[in-house]
Every structure is written in structure tokens, then in C-alpha cells.
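Have a look at the structure below before the remarks.
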Amino acid sequence: MVAFNFRRWSKDKTFYSRGLYILAFATSIYGIQAGPLVITDSDKLQDGYDYIVVGAGVAGSTIASRLSEDKKTTVLLIEAGPLDPNDPLIRIPGNAIATQNSIYAWNYTSIPQTSVKNKVIEVIAGKVVGGGSALNRMVWFRASKRDYNMWEELGNKGWGWNGLEPYMKKVETFHPPTEEHRKEFDIKYNINVRGKSGPVQTTFPPFLTNFSTPIIEGFSELGVPVTQDSEAGKALDLLWITLSEDPKNYSRSFARTAYVDPAIGRSNFHILVGQTVSKIVTKKVGKKVVVTGVEYSSSADEPVTFAKAKKEVILSAGGVASPRILQLSGIGPKPLLEKVKVPIVVDLPGVGSNYQDHNTITAIYSSNFSAPVISEAEALDLYYNEQDGPLTGTVQSPLAFLSYTKLQALGAKSDSKEIPSILKAYKAQSPAKYLCAGPYPKIHKSILAGYTEQKKLLERYLPREELGAFEIIPIVSPAEGGATILFFLAAQHVFSRGWIQIKSADRKHLFSPRGGSSGVDRGIDIDFRYGSNPLDVDLFVAGMKYVRKLTLETEAFRALNMKEQAPGFGYTSPNPSSSFVQGDEDSSIKEYVGDTIDTLYHSCCTNPMMPLQKGGVVDTELRVYGVENLRVADASIVPMLPAAHLQPTVYGIAEKLVDIIRKGKKH
Ligand SMILES: Cc1cc2nc3c(=O)[nH]c(=O)nc-3n(C[C@H](O)[C@H](O)[C@H](O)COP(=O)(O)OP(=O)(O)OC[C@H]3O[C@@H](n4cnc5c(N)ncnc54)[C@H](O)[C@@H]3O)c2cc1C
């Protein structure tokens, strides 16, 4: 019986985890008990705090905790979700997928994605103290130097690799594997580039499968080596990935344990949980717009309560919620605010624009690979008694980040020796061609200017061996008679840009129930615009062909007798598009992309840190343009999606902001 940590079947497009079913009794035996917690109810609030931080996720927890290290500074952290009672659903790494479908998630849905067969996509985000770090897959690594250096080149001095890396390092305490474990799997790492004393614990999961051998050998046949350590600034080729977990008991190390728990008990730190912020409150002082505090409530029926900020409000509600709260507060594109009848406080075109995410499809193979089949009871026994087994982690072998050059050399036709075909076509596009005007009758000039700059950088750097273009995550799902092998394929530097726009001024939508795409009006249009630039779909064609080369043509994989289950050669869609060409491999993969494209949950870039005239929402000190005493710090300020999972980057952004505030820099 299979008890592996996650699987995803293309047939019904749902995730599930056996972990879900073992929780009930796991709760009762899980070792960690809640310590003494000081949670402040509204009626116990002080009459104002120096800083109010909205959202106790990755960034918000970090900022609130660090600011409260100064005893003279009062901090209020407000979180819509609960403080979990040390729930194994969160704490046991192997339960990650079950957590994503639990009460700890917001579970928004996108609007139908018109470029990919009107697919409606679930947009999972953490709604609990810890935010995304409480339910993510704990994959921990920074992007390549060039990813961050491009941020700097967009006009953000100090936000390149050299400006951000020390802060990402500051977050981490890295625990090397045992010598025996390192040797057994030939794990590569470089202790010198790792953090040594940060609050987030990272390590390699103890339970790895021998699938790392065909992965390393198969990729090697295709010219892809193992990188010594992704954290050195080149997250390219095959990477041994650490997870954000504590080897003390192989439990999740997340923003709650790393930052909030140490702050709880400080008399100058208060945290309100189960309270949803619906508005940043401002007043006019002369010509200036000044933030005075926030309004929040526990439900749509409750009246709002005002909390006063003496110095600043820092908005850290995440890539989807932060632009939403700004728009609800009258800070955003004028035509949108007019349409939904929110009084305009500041006309800021970039709020909600520039939406980016890693999108993904899954290839599935049968094989004769033999991996231990572990029952639920055995998995629990291993976890609790031996700190081992599939519940200790979420990945079991290295994963790959391929540059365009490597990907297209094997995965698709390249009609030029110098530049792969997708990039050649991208270069030929006018920046406005696939950009969406959002709430404007035509694309706003600042947003076009910002994208034009981004496009120039992508054109310049994507052909070089400096940036990841495509991620391949192998997952082994053991079964009697041979494991099922899943490959998650994820596009890294998407060309499409989406929008987040509120549909209503009514705060009641912030309390819309969870529940898939059941037609619940959540008062918000979340539009990834997946595949709106058709080259993003072409990239998946190249990626899928690459995976076929790897699985079906390398010696290492041929020995495993891999048979493609999905998409399968000659995949025909139940809902074929008009352009579908029977018998054509590219066309068939495109159909599969249209039917199954999904998110890798890295929503970001919706309040980009860029100059105002380039569609920016915040400056390099993360201050919102045109508003005094308001900053945004979370995944929304990322100007351009890096080729990496996001959490170390967002923690780093938060740590850097704290330093900026401490140094008291002015605009
Ligand atoms: C399912 C999933 C899997 C992921 N896997 C990985 C991974 O393996 N590795 C990795 O590096 N990254 C991963 N990520 C991404 C990473 O977790 C996020 O990028 C990161 O959490 C973003 O941090 P943030 O501070 O911007 O927002 P979040 O961490 O999402 O925090 C925002 C917080 O604000 C709260 N909030 C929102 N609205 C309001 C409101 N109105 N009032 C009060 N509070 C509010 C939310 O409840 C939440 O707690 C994953 C994300 C998800 C969702």
C-alpha cells in the first residue's frame, strides 16, 4: 500500500495525500504542546502601535518579530487565519498537500483562463499564522544571482544579489546531512554559502529514494551536471534541495516557529488572529495622504474595529491579498476604483498589474522502479519512532533547473545556433502585443514601460547560462510491481502578465467560504492570463519533449522501462481546441497544456517595486507611492518572478526591510 507524501493524477486533476487520513490520531500523539501564548483580543488592544503589520505570513511574521526585538517599539500583527494548535497537519512535512486543502488555506479561484480552454484554477494561499510557509512544500533555495540583479537593473538600487543575499542567509540555519547519508546519495552542498544562525532551520530530508541515481545519470547523459550548491548564486542544472524543516524532530520550520513564537510573550508585541483587515485608513494632511491605521473584523456581520498606527502600516498579506486590500482602500488604478465605486485615495496604476506565477503541468510514467511501499501505519511509526520515512519530507531526489539553451537544444527545434527559437520569437514580439490593459481602455503607458524594460532584460539574459527557464521536479510514488513517476514541469520566466482586480467594494467578499470553483463570488478577479503569450505554451512543448528524451531515450531511464501515461503520445483532448492537429506531437502537447495547466502557488509581482513611471507601486524602501506611512513587503513587491521557489526570497525581502526601517532611511 502506498503512503507517499503526494501524488497528482492527471485524470481528475486533484491532489491527495494519504497524510490526510492519518491526522486524526497523529494529533493526539504528536509531541509538541502549545506553550504559553499571549494573544490580544480587540478589547485588550493598546491605544495605537508604532507599527501595524497586516498578515502573519512569511514576510509579516518576520517583520513584526524583528521590529519588536526593540523593546521600545510597539508592534501589532494582524492575521485573518488562526494560530494553529501545533497541528500535525502543518507540522509533519509529508502532510503538506492535505494542509493545502484544509481550513488553513484561503483557496481563491482564478477567473476562466481564456487562453487555456477557460480553465478555472484554484489559487491556494495560507490563511494561518505562518501564511504560505505553514502549508507549502518547504522547498528551500534562492534563485540565481542574475534573477535578483535584474531587479536592480529595473531601477531598484540595492536589490541585486549582493543587496539581498546577506538577508536570505540571515534567515537560515543550515544543518548538513550525516556523513553516512551524504555518502549514500552523493548529496552536494557547500556549507560556506549557507546561513548558520538564522531562525528558519533547513536540512535535507532523511528519506531519499535511490531514484536520485537514474535522475543524476539520466540528466548527465543529456549534459546536465549536479550543481555543488544552489545557494551559491547559480540555481541551475541538477540541484540537491534542502527543505525548511528542523532535523531535531523533522517538523516544519516556518514563519510561526521561526519568528512569531519567539516574539509571543514580548510585552511590546501583540498578535490578533482570526481578524481580517478590510481597509488601510488614510487622511488628508494638506496635499499629503497619510495612513492612520487599519480597519478589521472577524466576520462580514461584525462591525469593523479601527487600530491606530503611530508610525506605519506594513502590508504583508501576500501576492493576491495585498493588491486587493490596497484597491479596497482606494489605492489603485482610477478606472477600476471608479467602476467598483471605491472613493479614490491615490490613483496608482500598477496596483494589481504585472501578476506572475510559475505555471505547471505534470507528466506521468509507469516504471519498473522498485521503491519501498510503506503503509500509513508504518509511515507514522517511522516518523515518530525513527524520525525517518516518507512523512519527513516532500522531495526524494534532486530536481532540475534548465536554461533555455539546454532545454531547447534537446526539447525543440532550434532554427538558429545562437538563440533558441522561443527566444527568437520573443525578441520579435512588440511588448504591447500580449499585454492586457486590465481596467484601462488601453494599456497604461507606465505599465507598458515597465514590461518593456522587463522584456529587454529577459531577451538579454535568458539566452545565457545564467537563468533557469524550466524546472523539472521528479516525484516517486511507490506501488507494487513498479513505481509511478511524476514529473512536475514548471515554466520559470513566464512572458504572460496577469491582473488582480476587485469586483466589488463590499468587504463581505473577504469572508467568502472556501470551496473550489463552486460559483462562489469572492469579489475579486484573479487572472493569471496563463498562456496569453503563446510562447509560454511553446515552452511547455519544449519541456515535455525534453522529459521524453530523458525518460525514453537515456540509458539510465531505459533500464526502468518507463511508459508514458500522461500526456501520452497522441494525447487527444476531451475538449480539443480548433487549432488541434491530429497526429502532430506539438499540437497534442499543447492540448494537454490547455487541459491541465495549473499553478505552482507562487503568486507575486502585483505591487511591483519599480519606478512609478514604470508601473511601480513601491519604491526601493517599499513605500507606497503617493501615501505616507505605508509600505508593502511580501511576494507582491517582487518586480520579476525569479527562477526559484519563493519563500527564501520573501523572507529575505522582509529582513532587508527591517534593516531599512532600523536605519531610518528617508525617501
Ligand atoms: C501551496 C503552496 C506551496 C508552496 N510551496 C513552496 C515551496 O515548497 N517552497 C517555497 O519556497 N515556496 C513555496 N510556496 C510559496 C511561498 O510559500 C510563498 O511565496 C510565501 O508564503 C509568500 O509569502 P508572503 O509573505 O508574501 O505571503 P503569505 O505567506 O501568503 O502570507 C500572507 C498572510 O496574510 C494573511 N492575510 C491575507 N489577507 C489578509 C487580511 N485581509 N487580513 C489579515 N490577514 C490577511 C494570510 O492569511 C497570510 O497568513 C508555496 C506556496 C503555496 C501556497
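Quick reminder: no glycine exception, Cβ is built from N, Cα and C everywhere.
Keep in mind that this is a model prediction, so the values were computed, not measured.
What TrEMBL says about this protein:
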type: ACT_SITE; residues: His602; note: active site, proton donor
type: ACT_SITE; residues: His645; note: active site, proton acceptor
type: BINDING; residues: Val128, Asn136, Arg137, Met138, Val139, Val277; note: FAD binding site
type: DOMAIN; residues: 126-149; note: domain 'Glucose-methanol-choline oxidoreductase N-terminal'
type: TRANSMEM; residues: 20-39; note: transmembrane segment
Inter-residue Cα distance where the pair is Val139 (FAD binding site) and His602 (active site, proton donor), in Å: 12
Given a Cβ distance threshold of under 8 angstroms, which distant residues of the chain, six or more beyond its ends, lie next to the domain 'Glucose-methanol-choline oxidoreductase N-terminal' (126-149)? 55-58, 60-61, 79-84, 90, 93, 96, 99-100, 102-106, 159-161, 163-165, 168, 172, 200, 202, 230-231, 233-236, 239, 241-245, 252, 254-257, 260, 271, 273, 318, 393-395, 461, 464, 466-468, 601, 640, 642-649, 652
Roughly how many Å lie between the Cα atoms of Met138 (FAD binding site) and His645 (active site, proton acceptor), rounded to a whole value? 9
Between Val277 (FAD binding site) and the residue listed as 'active site, proton acceptor', how many Å separate their Cα atoms? 27
Sort out the sequence-distant neighbours of the residue listed as 'active site, proton acceptor' for me: same chain, 6+ apart, CB within less than 8 Å of its CB, listed by position. Asn136, Arg137, Val139, Trp140, Phe141, Leu600, His602
Taking the Cβ of Val128 (FAD binding site) as reference, which residues of that chain separated by at least 6 in sequence fall under 8 Å from it? Glu79, Gly81, Pro82, Leu83, Asp84, Ile90, Tyr104, Ala134, Leu135, Arg256
To which of the recorded positions Arg137, His602 does the lowest count of other Cβ atoms within 10 Å belong? Arg137
Average the pLDDT scores across the domain 'Glucose-methanol-choline oxidoreductase N-terminal' (126-149) and report the rounded value. 97
By the DSSP assignment reduced to helix, strand and coil, which category contains Val277 (FAD binding site)? strand
Counting Cβ atoms within 10 Å of each candidate's own Cβ, which of the binding-site residues Met138, Val139, Val277 comes out highest? Val277
